[in-house]
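> Quick one: the structure is below, questions incoming.
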């Protein structure tokens, strides 16, 4: 479990680097501050959300969904969605405060979707890996013999 926690911590560092600095070295003193509140459409400060960027944002949070599914398996999907949305919103606020890019609601939506996809993938794979109980009818016949 300690190794999994270490991997998760490393993932969070890479996630912050990818979201805040787009995998480049930090550039202190950035001055790009804009907020885009309408998802997926162009605004005066920013163009429409590029499909490639939306897919990348979804992909960035899929591992988060996997990790959260492992660390908090009893949580309901809506609680996990809240964690994904709050984490993404926190990153967008940091982006705005430090002038690191445009804070975009599209990113929050895409990141939340990515986290839920990761959670769903974990649920599907864990269901398939569990041993299946024989159908009830088959169990009844076997018990009678």
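Glycine too: its Cβ is placed from the backbone N, Cα and C atoms.
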> Please identify the range among 19-39, 82-102 that TrEMBL labels transmembrane segment.
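That would be 82-102, the stretch labelled transmembrane segment in TrEMBL.
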> Compute the average pLDDT of the predicted model within the domain 'VanZ-like' (8-123).
88
